[in-house]
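Undergrad: The following block contains the structure, expressed as C-alpha cells.
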Amino acid sequence: MPSMKLATMTSAFALSIFSLMATQASADATLDRIKGRGALTVGVILSGAPFGYIDPKTQEQKGFNIDIAKALAEDLGVKLETVTVTPPNRVQFLQQGKVDLLIANMQYTEDRAKVLDYVPTAYDRAGGAAVVRKDSGLKDWADLKGKPVCVSQGSNYTQPLIEEYGAVVKALPSQPESLLALQGGNCVAAVHVGATVGLLLEDRPEDWKDYAIPFPTELIPSDSVIWLRKGEKDTQTALDNSVKKLHASGKLLEFAKSNRLLNTKFLEEQQKALSASK
Amino acid sequence: MQDMNLSDLFVSLTSRIGLNYEFLATGYESQIWRDGFVTTLYLVALLIPVSLIFGLLFAACLTSGKLWLSSPVRGFVELTRNTPTLVQLMFSFLVLNTFVSNLVGGAQNNPLTPFFWVVAVVGLHIAALHAEAIRAGIEAVPASTIEAARGIGFSQFQILRYVEVPLAFRASLPAIVNNLINLVKLTTVGNAIAVSEITYASIMVWTQRDNVVSLMIAILLFFSIINLIVARIGLWVERKLAVPGYGI
Amino acid sequence: MNTVALAPPRKRRHLLRNSGFLALPLIILVWSVADPSLGRELLDWVPYLASGFMMNIVIALLAMTLGTLVGTLFGILELAPYRLVRYPVVAYVQVFRNAPHLVLIFATTYIFPFEIVVAGHYLPFPDWVKAVIGLAIPASAYVAEITRGAIQSIPTTQWEAAKGLGFSQGQALRWIILPQCLRRSLPPWMNLFASITMGTALASLVGVHELLHAATDASTAVRRLDFTIVAYLVVMAAFFMLCYPISRLTRRLEGRFNAA
C-alpha cells in the first residue's frame with residue numbers, strides 16, 4: 001500500500017516540524033523574564049475549595065493556592081497572572097514555559113523531582129484521602145486491592161495505588177468528574193488531596209451523607225511544593241526566600257485559616273521553626 | 001525474553017532520532033500503553049456491529065410511517081447529531097449512570113461500566129448517522145422500480161426484502177463507511193471517562209514524563225492504519241456488491 | 001403515496017420538530033422555577049457560561065475560515081498534474097482526515113510553543129489559538145476532499161468549452177468551474193461546520209476556557225449534584241440551539257440542489 005507509506009512519512013515529517021518549533025521556545029532564565037515582563041505567571045488548579053475555585057459573584061479565582069501566588073508576586077514586586085491548569089496538562093504547561101511555576105496541589109515525589117525542580121521550603125503538607133461509601137466495609141488502603149478507584153488524570157496517587165495496593169485505577173479529567181463517578185458507582189473510592197474532599201464532605205452533608213473518609217492514614221503524605229522547570233536556580237532561591245518569609249510572618253497560616261484548611265499543624269510548626277531561626 | 005530485547009532495541013533506536021519511548025522498559029506504564037492499543041481495537045471491533053444493528057433498527061423506525069415509532073427516534077437522531085459527543089458521554093456517564101444507580105437501589109448494584117457508556121453513546125451516535133444514510137438510500141430507490149416489483153406480484157414485504165433494502169444498502173454504503181471511520185476516531189473520547197483506550201493510556205504516560213511527540217507519532221500512525229483498513233474493506237464490499245451497469 | 005395523504009402528518013411533524021427544538025431550554029427553565037435556589041445559582045453563572053460559549057463560537061469560526069482557505073488550495077493541488085505537488089498533499093489529506101480531532105488538539109496544545117519569536121518580539125500563542133489550529137487541520141483535510149470531489153463532478157467538456165472560448169486553465173477554474181463547485185460543496189461544507197463546532201467542546205480537555213470547561217468550573221464551585229446536571233443540560237442546549245438550525249438549513253439546501 002503506497003498510500004500507507006506516504007502517510008507514515010508525512011505524519012513523521014509533520015511531527016518533526018512540531019518538535020523543532022517546540023525546542024525554540026525555551027527562553028532565558030525565568031527570573032529575568034519575570035522581572036522583564038513585570039509579571040509572574042502561575043499555574044493554579046481549580047479543583048475546588050479550599051485550594052482553588054471560581055467565585056460566582058465576581059468570577060474571580062479564590063483559594064489557598066491563589067492567595068499564595070498573590071503573596072509571591074507581591075514579594076517579587078511584580079503583578080500576578082494566573083493560568084488555570086488541570087492535572088493532565090500542568091507538567092506540559094510548565095515545560096513549555098506557558099507558566100513560570102506551578103502551585104497546583106503537587107506534592108514532592110522522586111519521579112517528579114527527576115524532570116522538574118522545586119522550591120525546597122514546602123507551603124503545605126498533604127496526602128491523599130479516600131472517599132468511600134459508608135456501607136462499603138472498606139477499612140484501610142489495603143482493602144482497595146483489585147477494586148476500581150477514581151483519581152484525576154496525572155495524579156501522584158496513581159502509582160502507589162497500583163503498585164503498592166493493587167487497586168484498579170480509573171483516572172478522570174479532573175476531581176469533580178472523579179467524585180461524580182464515585183457517586184455513580186463506577187468506583188468504590190475516590191482518592192484526592194485530603195483537605196479538598198474533607199471540606200467538601202463537611203460543607204455538603206446532604207449530598208454526601210452516605211460517604212465518609214474512613215481510612216486512618218493519608219496516602220503518601222508529602223510536602224506540597226512549588227514546581228519549576230529544571231535548572232532555574234535563581235528563581236528557586238528567590239522563591240524559597242519568599243516562602244520562608246511567608247511562613248515566618250504567619251501569613252501562610254492566615255491564608256490557611258481564612259480558606260478553612262482543615263489541618264494546619266504543619267503550617268504552625270513551620271511558622272514556629274522559621275520565626276525562631278530569625 | 002525475546003520480547004524484552006526487541007523493545008530495548010526499539011527504545012535505543014528511536015532515542016537516536018530524538019524520540020523517547022523509555023517508558024516501555026518500565027512496569028505499569030508500558031503495560032497500560034500496550035493494553036491501550038488492544039482496548040481501542042476491541043472497542044472498534046465491538047462498535048462496528050453495534051452501530052450497524054442499531055442503525056438498521058433506527059432506519060426501520062424512521063421509515064415505518066408510524067408517528068409513535070418515528071418521532072422518538074427522530075428526536076434522538078437530532079439530539080445526538082447536534083450536540084458534542086463528548087458532552088453526551090459526560091452526561092450519560094455522570095448523570096444517567098447515577099440515575100441508574102438510584103433505580104437499582106445503590107451504586108454497588110450498578111453493573112454499567114465506563115466501557116459500557118462509551119459503547120452506548122458512540123454506538124448509538126454512529127447508528128443515528130447510519131440510519132440517516134440508509135433512510136436517504138431507501139428514499140432514493142426509484143418509484144418506478146417499486147411499481148415494477150408490485151406489477152410482477154411482489155408483496156409489500158417482498159418489495160422491502162428484495163428491492164428496497166438491497167438497493168438502499170448499496171446506495172448508502174459510501175456514507176456508512178465514512179461513518180465507520182468517524183466511529184474509529186470517536187473512540188478517543190473514552191479517555192474523558194477513564195476507558196483505557198490508547199489516548200487515555202498515552203495521557204497516563206505523558207503526564208509523568210515529557211514525551212508527547214513520541215506518543216503522538218504512535219497514535220497518529222495507529223489511527224491512520226486502522227482507518228486505512230476500514231476504508232479498504234469498505235471499498236472491497238462496495239465493489240463486491242456493485243450492481244452491473246451502475247456507476248463506473 | 002400521494003401528497004394529499006402526506007399533508008396532515010407533515011404538519012404534525014413540523015410542530016413536533018419545533019417543540020423538540022425548545023425541549024431542552026424548557027426543561028432547564030421549568031427546573032429552575034421549581035427549585036428557586038437552583039435557579040438563582042444558575043442565573044449567577046450565566047455570564048460565565050456565556051463567555052465560555054463565545055469561545056466555542058470564536059474557535060469554530062476561525063478554524064473553519066483557516067481550514068477552508070487551506071483546504072480549497074489543497075483540494076486544487078490534489079488534482080495538480082505534478083506528482084511532486086500531488087503526493088504530499090494527498091498524504092496530508094489522508095493522515096489528517098483519519099486522525100481523531102481530540103488527538104490533533106492534544107498534539108497542537110502540547111507540542112506548539114506557548115509563544116513565538118517574531119523579529120525579536122515575543123508573541124503569545126494562547127491555548128485557544130492552538131485549539132483553532134488543532135481543528136483547522138482536520139477541517140482543511142475535509143475541505144480539500146470536498147473541493148476535489150466538487151471539481152471532479154464538473155464534466156470535462158466544460159473545461160474544453162472554456163478553452164474553446166479562449167479561457168486559460170486558471171481563468172476557467174476561477175470563472176467557470178469554481179462557481180459551480182461552490183454550490184455543490186455548500187451542503188457538505190455546512191455539515192463540516194457543524195461537526196467542527198461540536199468538536200470545540202474537546203478543547204475543554206486541554207484546559208481551554210470554553211463552555212464545557214466553564215460548566216465544570218461552575219459545578220466545582222457550587223458542589224451541588226442537581227446543579228451539575230443542569231449545567232450539563234445547559235451545555236447540551238447551547239450546542240443544540242446552534243447546530244440544529246445549521247443542519248436543518250443544510251438539509252433544505254441539499255434537497256433544493258438535488259431537485260435542481
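Cβ from N, Cα, C; glycine included.
Nobody curates TrEMBL annotations by hand; they come from automatic prediction.
Remember, predicted model here, so these are calculated numbers, not experimental data.
Annotations per TrEMBL:
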- B:37-234: domain 'ABC transmembrane type-1' (DOMAIN)
- B:41-65: transmembrane segment (TRANSMEM)
- B:86-105: transmembrane segment (TRANSMEM)
- B:111-129: transmembrane segment (TRANSMEM)
- B:212-237: transmembrane segment (TRANSMEM)
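Relative to the rest of the structure, where do these features sit?
TA: Among residues of the same chain six or more beyond the transmembrane segment (B:86-105), those with a C-beta under 8 A of the stretch's C-beta atoms are 80, 112, 114, 117-118, 120-122, 125, 189-190, 192-193.
Below 8 angstroms of C-beta separation, residues 43, 46-47, 50-55, 57-58, 76-77, 80-81, 85, 88-89, 92-93, 97, 100, 175, 179-180, 182-183, 186-187, 189-190, 193-195 of the same chain, each at least six residues beyond the ends of the transmembrane segment (B:111-129), sit close to that stretch.
Residues of the same chain lying 6 or more positions beyond the ends of the transmembrane segment (B:212-237) and with a Cβ under 8 Å from any Cβ of it are 14, 19-21, 37, 40-41, 44, 173-174, 176-177, 180-181, 184-185, 198-199, 202, 205-206.
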